[in-house]
Amino acid sequence: FKGGDTCEYLLSSGRFLGEKVWQPHSCMMHKYKNSEAKNCLLDRHVAFIGDSRIRQLFYSFIKLLNPQVKEEGNKHGNILFEDKSASIRVDFLWYPEVNGSMRQRIKSWTEDSVAKPHIIVAGAATWSIKIHNGSNEALTQYKINITSIAPLLEKLAKSSDVYWVLQDPVYEDLLSESRKMITNEKIDAYNEAAVRILNSSSRNSKAKVKVFSVSKLIAQETIMKSADGLHLPESSRDTNAMILMNVYCNKIMKPIDGSCCQPQAPLTLIQKLAFCFFTLSIIGYLIISLIHRNNYRKNKSCTDLESGEERKPAVSAPNGSTLEMLLHSFCKLGLIMTYFYLCDRANLFMKENKFYTHSSFFIPIVYILVLGVFYTESTKETKVLNREQTDEWKGWMQLVILIYHISGASTFLPVYMHIRVLVAAYLFQTGYGHFSYFWLKGDFGVYRVCQVLFRLNFLVVVLCIVMDRPYQFYYFVPLVTVWFMIIYATLAMWPQVVQKKANGNCLWHFGLLLKLLCLLTCIYFLSYSQGVFEKIFSFWPLSKCFELNGNVYEWWFRWKLDRYVVFHGMLFAFIYLALQKRQMISEGKGDPLFSSRVSNVLLFVSVVSFLTYSIWASSCKNKTECNELHPSVSVVQILAFILIRNIPGYIRSVYSSFFAWFGKISLELFICQYHIWLAADTKGILVLIPGYPMFNVLVSTFIFVCVAHEISQITNDLAQIVVPKDNSTLLKRLLCIAGFFSGLLLFSAVQDQSRH
């Protein structure tokens, strides 16, 4: 990697992904909307000075501010544009040749009494070639003129952003007779002169004229689509205008998916404290390891000469081993978090935009499906949704979601709708799994609650600290955490109804159904009362957890999108466990779930329902319309899949160990992808090995999966230490955790004040 100046790469290199998507080398380009462009250029003056090609770029630039602008007016004269609402002024000044007139205009801006444009975009050459019939004398004069202009541009560059646009190649076959003398050979000579002369006297990097050479690369791919062989097609000049906007605005607006020209964010107070903590953990672990190694050598087992018995080495105290395990876990976690930070916060590794093609999504899907089928084994038990089956379900869903994210398939609506069902299926399993546990075990103790909350939230809390992101940014974890608390509150509140109690009196079943009905009513009320919902989660300190970009709308949207599916999971668990208790289903190995006739009918209905949902999802017109119906209909495909997977006994008796392995670390995979597989907080792709896309994905995927697996083990180890079974010890730990989060809130408040 040659360095961190992504601005230089943005202005000089890149490639096309498909026909119209430009990918700069090493960084990501943000697609600016009108409102963003206006906010960036507020109270700014932009000047374009040059020939008809610069005029084209001028029009594409102002269309980013106002798409309704039409290319009208005197083609060989000055054109002025002004947006009074944002106090933005953009001028095009007609100077088709680099001559005394252009020099005089530029010189006027260097005077102290004159207001200088904040951005100056200049360039010209083709008119000089045309008027002088491509003569060598014209090139010599061009060199003299640009030599006289260069110091003025460099002087302006000290206070303004100055860009010199190199000349694009032409498509000589399409040129008219009056332009035949404009050859690519001549254009290259003029460009070479401009590059050599500009900045030749400037030693200060801040006073350099930025050479806009990327337009040449874009033109080489698209000039053959030109109408006259000289001027670029509209899509190409729009790309140039967007590059120009990225160069200037990224450092001001700091878009997440615009890593080009964006400086590395300074470390926050909390990040510095986290760095110190992990450093001390590593040092502490190394010291304890050295002490233990020395003790082991001193107490090494040796043969007692008198008795001939072997002495055992001294066993370390339990507290010592616990401390060592704690420091060991934090030591590994510290190294992993360093990798996270380097991948997605430091300007060390390259990042690229996503680009969707059908093959980039469906070919990997087929590949993992074949792998999954290849690793088929028999299950230990043949119950509906047994542990191996749910792990398998989580695993293949997670792999599909990962492929969906890295391929950028969200732009293809049918795929988006099916992925929404997979996310809903995770939440369905949340409702099913936690309801089943509380119903069967009747364990509403604090230990169980703390264990679940710790396992769900540990990694996200660490990432919020290290990566300086709000809790709601990792939206899925807040979602499953809140739903777990809702399930717990629903079943734990008086009267507590569990299976043991319900077996004695069937009326308790109606009591539980009444509780579920109350839950459904509350969900329905909140889903149509956005104001009430937002007020609940806007109270401090809840607002610190659920706000994103200063409001809780994102949290409202995520919650509402799958608002009924957890309830559906709880209801399904209740019905299934009731049928199981009354022995109305057969779960023997190889046996169909129901009688042959009932099984065949249910299987047929399930297949039809599954396909019907897929047809509906494929015929959706827009995301808004589909998302409105999704909460009510997603359960159809989920239930259809469960029945198809479990009704035939031979299918229920096997599972894919390949998918199940990934299912055990599915939560870690989902969260880790944000920063070490994807990049720019999932908006782009991490590039460890430039120039080899497939090899890069293989390497980054291997590291990503290994890290997720390691974090899963660290979380399990720390859960045993941080959340002990002894109630008095657990209470002390909870007080410590409360103190930790209080300190975090305090430091966060201090940090916010310093930012403002």
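All positions are counted from 1 along the displayed chain.
Placed from the backbone N, Cα and C atoms, the Cβ positions cover glycine too.
Feature annotations, courtesy of TrEMBL:
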{"type": "DOMAIN", "residues": "22-92", "note": "domain 'NXPE C-terminal'"}
{"type": "DOMAIN", "residues": "253-734", "note": "domain 'Cas1p 10 TM acyl transferase'"}
{"type": "TRANSMEM", "residues": "269-291", "note": "transmembrane segment"}
{"type": "TRANSMEM", "residues": "355-375", "note": "transmembrane segment"}
{"type": "TRANSMEM", "residues": "396-417", "note": "transmembrane segment"}
{"type": "TRANSMEM", "residues": "423-440", "note": "transmembrane segment"}
{"type": "TRANSMEM", "residues": "452-468", "note": "transmembrane segment"}
{"type": "TRANSMEM", "residues": "474-494", "note": "transmembrane segment"}
{"type": "TRANSMEM", "residues": "506-526", "note": "transmembrane segment"}
{"type": "TRANSMEM", "residues": "561-579", "note": "transmembrane segment"}
{"type": "TRANSMEM", "residues": "600-617", "note": "transmembrane segment"}
{"type": "TRANSMEM", "residues": "659-679", "note": "transmembrane segment"}
{"type": "TRANSMEM", "residues": "685-709", "note": "transmembrane segment"}
{"type": "TRANSMEM", "residues": "730-750", "note": "transmembrane segment"}
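The domain 'NXPE C-terminal' (22-92) scores a mean pLDDT of 93 in the predicted structure. In this chain, the transmembrane segment (269-291) lies in contact with the transmembrane segment (452-468); the count of Cβ pairs under 8 Å, excluding pairs fewer than 6 apart in sequence, is at least 3. Within the same chain, residues 320, 323-324, 327-328, 330-331, 333-335, 337-338, 465-466, 468, 744, 747-748, 750-751, 754 sit at least 6 positions outside the transmembrane segment (269-291) and bring their C-beta atoms closer than 8 Å to a C-beta of that stretch. Contact between the transmembrane segment (659-679) and the transmembrane segment (506-526) is absent: fewer than three CB pairs lie under 8 Å, with pairs separated by 6 or more positions in sequence. Between the transmembrane segment (506-526) and the stretches 355-375, 396-417, 474-494, 561-579, 600-617, the greatest number of Cβ pairs separated by less than 8 Å involves 561-579. Sequence-distant contacts of the transmembrane segment (355-375) (same chain, at least 6 residues past either end, Cβ-Cβ under 8 Å): 17-18, 21, 23, 396, 399-400, 403-404, 407-409, 411-412, 415, 656-659. Outside the transmembrane segment (600-617), and at least 6 residues removed from its termini, the chain residues within Cβ reach (under 8 Å) are 413-414, 417-418, 421, 594, 626, 633, 636-637, 639-641, 643-644, 647-648. Outside the transmembrane segment (474-494) by six or more residues, the chain places 423, 426-427, 430-431, 434-435, 438-439, 444, 449, 452-453, 456-457, 460, 463-464, 515-516, 518-519, 545-546, 554-555, 558-559, 562, 566, 570, 667, 670-671, 674 with a CB less than 8 A from a CB of the stretch.
Here the transmembrane segment (561-579) has Cβ contacts under 8 Å with residues 384-385, 420, 423-425, 427-433, 435-436, 439-440, 479, 483, 486-487, 490, 499, 509, 512-513, 516, 519-520, 523, 526-527, 585, 627, 630-632, 634-635, 638-639, 642 of the same chain, all six or more residues outside its ends. Within the domain 'NXPE C-terminal' (22-92), the DSSP-based counts of helix, strand and coil residues read 21 helix, 19 strand, 31 coil.
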